[in-house]
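Record features, source TrEMBL:
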- 53-385: domain 'FMN hydroxy acid dehydrogenase' (DOMAIN)
- PRO132, SER133, ALA134, THR184, LYS256, SER278, ASP311, GLY312, GLY313, VAL314, ARG315, GLY334, ARG335: FMN binding site (BINDING)
- ARG193, HIS280, ARG283: glyoxylate binding site (BINDING)
- HIS280: active site, proton acceptor (ACT_SITE)
Amino acid sequence: MSTKLQNLTPERRKYSHLLHSFLFSSLYFPLSVFLRSPTFTIWIAFTISSDQTMASEPVNVSEFEALAKKALPKMYFDFYAGGAEDEYTLKDNEEAYQRITIRPRVLVDVSRIDTSTSILGYPISSPIMVAPSALHQLANPEGELATARASAASNTIMVYRGRHIAANLVERAERSGYKAIVLTVDCPRLGRREADIRNRMIVPKLKNVEGFVSNDVDAGGGSNLEAYANSTFDPTLSWKDVAWLKSITSLPILLKGILTHEDALKAVEVGAAGVIVSNHGARQLDYSPATITVVEEVVRAVKGKIPVIVDGGVRRGTDVFKALALGAQAVLVGRPIIYGLAAKGEQGVKQVIQMLKDEFELTMALAGCTSLKDITRSHVRTDRDRFQSML
């Protein structure tokens, strides 16, 4: 026995042996027992530090949100995390996925799983894509550049009051090698985002539209974002503008913000290359439906003529599986990408995408599906299915 240990009282000697035993067996012991003894200070600090490191490393996509909240100023976190008014739709976007159950098939050889697919003729490794979203630089100084490096990021444009602005952006997109344009169709005006109003959210300078539009607007004591949107968004935007946009570009145009079969039919009529089932991350019209609940309605309307992609509420690989089982060709992921960017920059975005891919592949294996074509409507059960079974 060492001299140092011999000098300990019998009570402290007993605790010393206990502490060594617990440390080497990787178990945890109530550390408050040892706080009275200077002998244990280093060991205690080591154990706490190790525990904190483990806790800070996310094991699923949702855990990036807490890391982002710590990393960002409150104004910016609330801008990303918040929804419109009561935030009913914001909560329901995620909860609606949780109400859908998976019906797995067993005794299927799942030694090889293929998650690859193609959208608009372009092959991708999985049906998981990055949603068009704004102001990535609030999350990280490298902004969209970091997101783009971490993934083949989707991009969107807004149709401003001055059509020359949109035309200029389309031309620049074509020159830069973009493969499609996403037209957001659910923003004739900005939804009432009360967190931004309380925080008096300030919009930074938008470098990609410098010389075309200014965000130097009078917020009147409220949100600078709201004032900026009111001065630039076009409430006259209509279906005829899709035809105008098609006339100035050869790129395929996807319409983002479709929630009904009526609008899905209209999108096919005007020649959209695809539709994105989206409620704008629940940031526009509160009490609009959770996106996953209307996917089937939109899929039935388009009858396979154009791809249907769903946006909003995806937090698990199981969510991706459910969306595909209901007829979507792919999903878009928005807030988790931003949270990954805020927490860990480019690497965080990569982690978020990879986590979802890994979970989706595992879900396919456990559900007995080896490729996307194996995922069918019979693999899921919705609230409507349960209701109909009781009739």
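From the backbone N, Cα and C atoms, a Cβ is placed for every residue, glycine too.
Sequence-distant neighbours of ASP311 (FMN binding site) (same chain, six or more apart, CB under 8 Å from its CB) are ALA131, LYS256, ILE276, VAL277, SER278, GLY281, THR291, VAL331, LEU332, GLY334, listed in sequence order. The two recorded residues, ARG193 (glyoxylate binding site) and PRO132 (FMN binding site), have Cα atoms 19 Å apart.
Looking at the residues that bind glyoxylate per the record, ARG193, HIS280, ARG283, the two CA atoms farthest apart are separated by 12 Å.
Neighbours of the glyoxylate site: apart from ARG193, HIS280, ARG283, residues of the same chain with C-beta atoms within 8 angstroms of the site's C-beta centroid are GLY82, GLY83, ALA84, LEU190, GLY191, GLY281, ALA282, GLN284. For ARG335 (FMN binding site), the same-chain residues 6+ apart in sequence whose C-beta sits under 8 angstroms from its C-beta are GLU65, TYR80, ALA81, GLY281. Among the residues PRO132, SER133, ALA134, THR184, LYS256, SER278, ASP311, GLY312, GLY313, VAL314, ARG315, GLY334, ARG335 said to bind FMN, no two Cα atoms are farther apart than 22 Å.
Residue density at LYS256 (FMN binding site): 23 other Cβ atoms are found within 10 A of its Cβ, drawing on all protein chains shown.
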